[in-house]
Amino acid sequence: MAFCFLAAILIASLSPFAYASDPSPLQDFCIAVNDSVASVFVNGKICKNPNMVIAEDFFFPGLNKPGYTSNPVGSMVTAVNVNQLAGLNTLGISLARIDFAPYGINPPHTHPRASEILLVVQGTLYVGFVTSNPGNKLFTKYLYPGDVFVFPQGLIHFQFNVGKTNALAFAGLSSQNPRVITIANAVFGTKPPINPDVLAKAFQVEKKVIDYLQAQRIN
């Protein structure tokens with residue numbers, strides 16, 4: 001019951017953000033059709049015939065299930081965007097569940113098309129974001145169950161579970177498909193790899209350090 005109540009609060013809080021990113025819809029709804037060869041697109045997806053729309057097009061089950069966190073970073077993001085919930089097409093919002101193992105982290109990353117509002121349900125999270133150049137000011141906060149924090153669109157941000165128990169948060173995003181750029185992967189895990197001489201110069205470290213980091217991302 002508490003889960004449903006918190007989820008309802010989070011979804012209701014998304015409406016102010018819906019106008020900040022994706023364009024306003026031109027119809028009541030536009031159920032996404034996954035057809036890569038279609039020639040007509042609206043926000044990247046064509047619309048299902050309204051006469052064929054059913055309730056399941058607006059439904060996604062399973063956010064009550066914990067995500068798998070036995071991985072190197074100790075966290076798991078379960079996204080509910082237009083690719084999982086077709087009814088989100090053109091609505092300018094999406095949702096995610098974020099599970100954390102003890103001391104797990106959602107690594108520094110950005111959402112190029114969305115601002116994010118985070119609601120902590122369980123545990124204690126240390127969160128923060130960094131402003132753009134040249135200031136690169138860091139804003140951080142410790143969050144507890146019931147706390148909410150906002151990450152502005154496009155800025156690097158992170159969440160870290162500082163507790164000895166599991167943590168859980170839900171995030172609302174102001175795009176039907178905000179995408180994510182994980183900084184470490186984008187810099188050290190490209191295919192093909194960025195020339196290590198470029199990264200050694202950029203980070204002002206020896207080339208062997210870059211070689212090590214690139215090997216970690218590949219493995």
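Cβ from N, Cα, C; glycine included.
Residues or ranges marked as signal peptide in TrEMBL: 1-20.
Per TrEMBL, disulfide bond is recorded for Cys30-Cys47.
Among the features that TrEMBL reports, domain 'Cupin type-1' is placed at 61-211.
Per TrEMBL, the feature oxalate binding site maps to Asn106, His111, Glu116. The Cβ of Asn106 (oxalate binding site) has Val73, Ser75, Val77, Ile98, Phe100, Phe158, Gln159, Phe160 as same-chain neighbours under 8 Å, each 6 or more residues away in sequence.
Neighbour count (other Cβ atoms within 10 Å of the Cβ, all protein chains): 23 for Glu116 (oxalate binding site). The Mn(2+) binding site annotation in TrEMBL covers His109, His111, Glu116, His157.
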- Going along the chain, which residues six or more apart from His111 (oxalate binding site) have their CB under 8 A from its CB? Phe151, Gln153, Gly154, Leu173, Ser175, Pro178, Arg179, Val180, Ile181
- Query: Can you give the mean pLDDT for the domain 'Cupin type-1' (61-211), rounded to a whole number?
  - Reply: 96
- Note on the structure: Densest Cβ environment (other Cβ within 10 Å) across the binding-site residues His109, His157 belongs to His157
- Given Glu116 (oxalate binding site) and His157 (Mn(2+) binding site), what distance in Å do their CA atoms have, once rounded to a whole number? 10
- Of Cys30, Cys47 (the disulfide-bonded residues), the residue whose Cβ has the fewest other Cβ atoms within 10 Å: Cys47
